[in-house]
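Below: one structure, written as structure tokens.
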């Protein structure tokens, strides 16, 4: 179907659109080649800062002997560009708040800060990283809100109901929308009416132009609710979307983590696979595994894949993907890595080689996970994937590389940073994935 825009939504004042673009995609004015140069230099600075930390570790030189220049702790490879530069996001989260014209039922992205009280919500139409399909669904959600008698929930303690919208798409064009709703004190009957109204709007009303594959509804009394805290309710359509990646068919649940640039993720996972150096005698430990794609893509080259992930739905997706693709040597565990990992590693001290891959959220790894990795002598190779090597992630790496410290329970020998590969998954933004190879 054509991705037409609601007729009443004309273009906003260009200055608002440009201001939003400068905040969300600050590199959008540069050519992609120039963006890659900026990002490469930023990654180099991150590694130089890391080198200075490592050099300060009790004066012990734990850096590698491979050729290096400009005080880098390891071999830095050229940046791998994203195969898709515009409209690459397969997941977008839209907020509801006052627009530049003061209308509280505006769907888009925030400009301003809560602290200064100058928040304004601007439509995403001209953001280079957002697909047209995502903006289209957001615009129709705005049409729906403006005809709904219920107010939006702008601030939790001030009442209101309609909240954010998440849109997920795959490379086949299938589209999943998730609407978050604050139920306040509505009865089950009143909630049912709202669900039926929004369902009707997207099936037979104006929103049918979006051609949604599925529509979910979540009653959320907090800023963020997991599926366990408040289940996603399927109003219509398919419960999952599927993606083809590295010859695997992958199942993706509403709240499962999946890299937001599918084509870029292929480049990232290929890079991780090359750096792991796994073989038929290797156990691959995939920590913070999400839907399990890294481990499952390497399963045929290893003796066993062990995945750990906090989000239960993502683990169910990983198990489905393994079964559907005929992968029988994988095992996925739900829970906090710091609780599961030590027990899992105890049984792996029998001389079998273990390669660990960690791809944590921006908050980094729990210190007990680092302890477990350090203290498992079977782990000789570690690949660390980070999209933001600051704060806790930097501390993680320092603790991996520091000399043994009985007070911190870092008893195993330190890791040595050998190679770094920047992979760009986020064109037009300053962000970049950095894949680090450690050995010991």
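Easy rule for this one: first residue shown is 1, then count along the chain.
Note that Cβ sites are derived from N, Cα and C of the backbone, with glycine treated the same way.
These features come from TrEMBL:
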{"type": "ACT_SITE", "residues": "387", "note": "active site, nucleophile"}
{"type": "BINDING", "residues": "259, 309, 359", "note": "S-adenosyl-L-methionine binding site"}
{"type": "DOMAIN", "residues": "280-344", "note": "domain 'Methyltransferase'"}
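Structural mapping of features recorded in TrEMBL.
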residue : record                               : contacts (Cβ under 8 Å, 6+ apart)
259     : S-adenosyl-L-methionine binding site : 265, 268, 425
309     : S-adenosyl-L-methionine binding site : 288, 289, 290, 292, 315, 318, 332, 333, 334
359     : S-adenosyl-L-methionine binding site : 287, 288, 289, 290, 294, 385
387     : active site, nucleophile             : 362, 425, 426, 431, 432, 433, 434
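Site extent for S-adenosyl-L-methionine: the farthest pair of Cα atoms among 259, 309, 359 sits 15 Å apart. Each residue in the domain 'Methyltransferase' (280-344) has a pLDDT score, and their mean in this model is 91. Other residues of the chain with a Cβ within 8 Å of the Cβ centroid of 259, 309, 359, the S-adenosyl-L-methionine site, are 257, 258, 288, 289, 290, 291, 293, 294, 385.
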